[in-house]
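The feature [4Fe-4S] cluster binding site is assigned by Swiss-Prot to Cys68, Cys72, Cys75. The [2Fe-2S] cluster binding site annotation in Swiss-Prot covers Cys112, Cys143, Cys203, Arg276. The domain 'Radical SAM core' annotation in Swiss-Prot covers 53-272 and rests on sequence analysis.
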Amino acid sequence: MKSDPVSFDSSHDLMARPRHDWTRVEAETLYTTPFPDLLFQAQTIHRRHFDPNHVETASLLSIKTGGCPEDCGYCAQSAHYDAGVKATKLMDKDAVLETARRAKDAGAGRFCMAAAWRHPKDRDLDRVCDMISAVKALGMETCATLGMLTPEQARRLQEAGLDFYNHNVDTSPEFYDKIITTRTMQDRIETLACAREAGLKLCCGGIIGMGEQVGDRLGMLILLANLDEHPESVPINLWNEVRGVPVNDTADRPDPIALVRMIAVARIMMPKSVVRLSAGRQYMTDELQALCFVAGANSIFIGDVLLTTKNPATLRDAALLDRLGMSSPLDGVKMPAASPS
């Protein structure tokens, strides 16, 4: 049964202001709206708050890989699974800074530093704060994902120059325990609160395609949209195949239309948030990515690798955005010479 499109009349104007009281029925009604109407609504809201022809870019570096004590069932960096990832020590600041310089030269406006920890130790946080200050001095936006934080740790990160803290909720509260047992959803919410109270912007989203139902995907969006403040960035990750992890047994990557619907609903429910196409873009055709941009996605990660998984080449991204007539920090990236016809 198809739902009637959600109207934009004066009694239910989705564009009036961000809401924090979304219901399951409203989310399901949006999701099942006829596809052309859903994209029209999402694009209308997108145009109210963003340049619809611009895409932000960010780069992600694993500054400490593997050996994580958490048992996230999708993650190659968990010490619980044999995913072929070798644990490393925390990188030196100079190496991180050089990578950030290259990312900036390649067109990244934001540099994200990720460490596979349950929570950072204070001695490690000292070094991370030095990295953040150095990257900030390059003129880039800074982001970090380091696990759970105390209020004091969040404050220190903010004082070091951190702009965004990434801490995903991963999935719906109902599906969460099927994926992770060593960290609760409440743990995640408390870390988000610590980051927000310290004055950090939030980057918070999740993963789709782990075996969850559509209702779980919508439940994740409802959770995010009903926070006191919407995350400034909402990354939508498409499940990446990772050997040796339990999610392989349940994974069911959504069909392209389902992904576009998810992006559109995220845009409508969180109208001022940047919606990022994150991990999994290597599985998307150019046409699918274009539809996601129409639905309201307006950010991508660039670089050949995201932590331990593959990502489209930056030149491919630049070429796609050029074909679509969309602007981005990649505009200055040199295109490969065209093949002779």
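Backbone N, Cα and C atoms are what each Cβ position is placed from, and that goes for glycine too.
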At 10 angstroms around each C-beta, which of the binding-site residues Cys75, Cys203 has the fewest other C-beta atoms nearby?
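Candidates: the binding-site residues Cys75, Cys203. Fewest Cβ atoms within 10 Å: Cys75.
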Over the domain 'Radical SAM core' (53-272), what does the predicted model average in pLDDT?
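Summing pLDDT over the domain 'Radical SAM core' (53-272) and dividing by its length gives 94.
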Hey, how far is Cys112 ([2Fe-2S] cluster binding site) from Cys75 ([4Fe-4S] cluster binding site), Cα to Cα, in Å?
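On Cα coordinates alone, these residues lie 18 Å apart.
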Which chain-mates of Cys72 ([4Fe-4S] cluster binding site) that are at least 6 residues away have a CB under 8 A from its CB, listed by sequence?
Ser78, Asp170, Ile179, Ile180, Thr182, Arg183
Given the binding-site residues Cys112, Cys143, which one has the fewest other C-beta atoms within 10 angstroms of its C-beta?
Cys143
Taking 8 Å from the centroid of the Cβ atoms of Cys68, Cys72, Cys75 as the cut-off, which other residues in that chain fall inside it around the [4Fe-4S] cluster site?
Glu70, Asp71, Tyr74, Ala76, Gln77, Ser78, His80, Ala116
Restricting to the chain of Cys68 ([4Fe-4S] cluster binding site) and a gap of 6 or more, list residues whose Cβ falls under 8 Å of its Cβ, or answer none.
Cys75, Gln77, Ser78, Ala79, Ala116, Trp117, Arg118
Can you list the residues of the same chain, besides Cys112, Cys143, Cys203, Arg276, whose Cβ falls within 8 Å of the [2Fe-2S] cluster site's Cβ centroid?
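Close Cβ neighbours, site residues excluded: Ala58, Leu60, Arg110, Thr145, Phe164, Asn166, Ser233, Pro235.
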